[in-house]
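> Can you keep this structure in mind? I'll have questions shortly.
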Amino acid sequence: MKTLLLTLVVVTIVCLDLGYTLTCVTTKSIGGVTTEDCPAGQNVCFKRWHYVTPKNYDIIKGCAATCPKVDNNDPIRCCGTDKCND
């Protein structure tokens, strides 16, 4: 009986995948691209092309709770798997 109970606990933990954290590519470091484990509640990676001039833009990447709203008609792409915003 103890073996059955222990087996059920192990199977439950494996199936629930406790502690999963989304990993997104970020542009927080100056001139560099890194990855970041998103904080709890932030389950979306995003990539935004922020236009400075019509032919010049910055790419901003990171984690978010929801897909950020578009400002100034900047294109944005959101996704929900590890490093999908690369």
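We count from 1, first residue shown onward.
Every residue gets a Cβ built from N, Cα and C, even glycine.
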> If you have Swiss-Prot open, could you say which of C63, C67, C78 makes the disulfide with C38?
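Recorded partner, per Swiss-Prot: C63.
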> Which one is it, C45, C67, that Swiss-Prot ties to C78 with a disulfide?
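In Swiss-Prot, C78 forms its disulfide bond with C67.
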> In Swiss-Prot, C24 sits in a disulfide bond; tell me which of C45, C79 is on the other end.
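Checking Swiss-Prot: disulfide partner of C24 resolves to C45.
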> Using a 10 Å radius around each Cβ and all protein chains in view, which of these disulfide-bonded residues has the most neighbours: C38, C67, C78, C79?
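Within the set of disulfide-bonded residues, the most crowded position is C38.
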> Counting distance between Cα atoms, which of the disulfide-bonded residues C24, C38, C45, C63 is nearest C79 (disulfide bond)?
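Checked the disulfide-bonded residues C24, C38, C45, C63; minimum Cα distance to C79 (disulfide bond) goes to C45.
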> Through the lens of DSSP with three states only, how would you label C67 (disulfide bond)?
coil
> Do you know offhand how many angstrom separate C84 (disulfide bond) and C38 (disulfide bond) by C-alpha?
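Rounded to a whole number, the Cα-Cα distance is 13 Å.
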